[in-house]
Amino acid sequence: MSDAAVDTSSEITTKDLKEKKEVVEEAENGREAPANGNANEENGEQEADNEVDEEEEEGGEEEEEEEEGDGEEEDGDEDEEAEAATGKRAAEDDEDDDVDTKKQKTDEDD
């Protein structure tokens, strides 16, 4: 009979493993795991973005050879991507800058 007794307190369920995996992915990706628990949906979007980047890199190599002297344009593309990713923060920062500017003007007038 002792063989039939199973200690369930030390067993790890599949659900627990999935939750732990989501937490690890969240930490690695720097963002929250999908609320619906379907990580494939979010990863699918990420994979699509990666495919576009690869296509741009392949096409971009030819352009780089033609425009070796115009390195500024390459840097501009990276800046635009960074701004697009943080567009909401940039808008919030602009509002803060306006407030700071107004404060500086009133301080100068005094």
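Cβ coordinates are placed from backbone N, Cα and C, and glycine is handled just like the others.
Of the residues T8, T86, Swiss-Prot records the annotation phosphothreonine for T8. The secondary structure of K15 (N6-acetyllysine), as reduced to three states from DSSP, is helical.
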